[in-house]
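If you check TrEMBL, you get these features:
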DOMAIN    B:13-168  domain 'Thioredoxin'
ACT_SITE  B:54  active site, cysteine sulfenic acid (-SOH) intermediate
ACT_SITE  B:54  active site, cysteine sulfenic acid (-SOH) intermediate
BINDING   B:131  substrate binding site
């Protein structure tokens, strides 16, 4: 890793906020945007990052938490 | 002329073209243009962080950001600076002027986005982006383009007015006259036949100046 490159642009509290919103059931990016009162572009970007970080998976715009067995 | 002598220049995006897609590192994480689908977007470039005109513009862009958001329009800045430089600059703006920059700023160090949008004009500077403004609609079509030189700060009221005028045109299929602001009368399309021109001049629901020039109140 060159020169201490950051792995994520999200804070732990932001990650927790996303996970809590979809903890009960999967949701679309638009639904998450409404629930979190965040702009849709930001939610889409952050959800992509959460997938890359291994927290979420997406199927047909339904975002769900990856639960460890 | 042989083909070897033909220099192929990149075609710059024009009004009515699909906005060139990109994925870029910003002060708020990695953003793709497609993330903005469904909302209007002002993609604007500035020459460099920690420079005087750009600093006044950033404060001014932030001041109109809430009004733009009410119009379902987002702001996205860009320059050929690193994300660390952007972060330091927006923190400096907040510390020195009390303005928190809430929109993301692209760190376009490899000029990937700037080149796609023709934001670098070598006659003025080959290393900095000029002051370009691309207004992109919710379907990611370019609806307006403004270019200003490095020396001249942009007028935020005009950018706000432009977005309102473009949205009015998109929603109501009308045009807007010079110096139009919301609440003013709008222009109806000119008649396409002699028959329609005859009807137009007798249309009492319009303010008819001549058969090709007529205004009406916009009922919203």
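A Cβ is built for glycine as well, from the same backbone N, Cα and C atoms used for every other residue.
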For residue B:131 (substrate binding site), what is the secondary structure by DSSP, using just helix, strand and coil?
strand
In angstrom units, rounded to an integer, how far apart are the Cα atoms of the residue listed as 'substrate binding site' and residue B:54 (active site, cysteine sulfenic acid (-SOH) intermediate)?
9
